[in-house]
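A short worksheet on the structure shown next.
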Amino acid sequence: MRKVAIYGKGGIGKSTTTQNTVAALAEMGRKVLVVGCDPKADSTRLLLGGLAQKTVLDTLREEGEDVELDLVRKTGFGNTLCVESGGPEPGVGCAGRGIITAVNLMEQLGGYESDSPLDYVFYDVLGDVVCGGFAMPIREGKAEEVYIVCSGEMMAMYAANNICKGIRKFADAGSVKLGGLICNSRMVDNEKEMIAEFAKRLGTQMIHFVPRDNDVQRAEINKKTVIEWNPQAKQADEYRALAKAIDNNQMFVVPKPISVDELESLLVEFGVIS
């Protein structure tokens, strides 16, 4: 079973990218479990046809310790298994801690097992690696390969570089490696070439460039992934290509983060900042 974590700046499109990629993997016959590690609990919505799934933490609060697996693990598009860790009540407690609680409960309940063996578990993780709880999937060895969703915007690249620092920190202690950058296009000038160069400097690859397409939003309005909403769409093929690239990936590295000065000079070089 491959254990994958998807990281990236808040609002970059991690959850949308993850769900569309997972839908494409399911279409390829892969058995996938998605664990949403975000208090917003929107990591599985499109796979479940818009269903706002009950989170592990909400269920624990309501049911106490006596929780059945069926309450927190739902089946979505293409027989994907979907779990949302959820978060604490606003203003109380630590969301990172919630991820730890949710993953531990899933292990106790046998949530990582199914009728047919799992090929993948995907952790869709909130934002930047700013606190230990959100770093938990890579720190505790729950995830072994990381993909970072970024774009040609400065803050997205800055966040990606920071996440590489986190991976580097935990790579010594465990088996976590970076599998590549996924460029979720924001139509920035020279974006594709710049992210390919950025990946090279980090010692990794741009595993796929996902062009911007309004079909993604149209599918979301219909509470579906593009793969399910319009399998013939050009954008569906982009997600299939990304899924195949991940499925066939052999390049796993401990990244070499670059300095802020080097990052800024890269942005200047490609004309993003003057």
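Placed from the backbone N, Cα and C atoms, the Cβ positions cover glycine too.
Per Swiss-Prot, the feature ATP binding site maps to Gly8, Lys9, Gly10, Gly11, Ile12, Gly13, Lys14, Ser15. Listed in sequence order, the residues of the same chain lying 6 or more apart from Lys14 (ATP binding site) and placing their CB within less than 8 Å of its CB are Ile6, Tyr7, Gly8, Asp124, Val125, Val149. According to its DSSP assignment, Lys14 (ATP binding site) is helical.
The feature [4Fe-4S] cluster binding site is assigned by Swiss-Prot to Cys94, Cys131. Under DSSP, Cys94 ([4Fe-4S] cluster binding site) is assigned to coil, being neither helix nor strand in the three-state scheme.
Marked as ADP-ribosylarginine by Swiss-Prot on the basis of sequence analysis: Arg97.
Ranking the binding-site residues Gly8, Gly10, Gly11 by the number of CB atoms within 10 A of their own CB puts Gly8 at the top. Neighbour counts were taken at the CB atom with a 10 A radius for the binding-site residues Ile12, Cys94; the maximum falls on Ile12.
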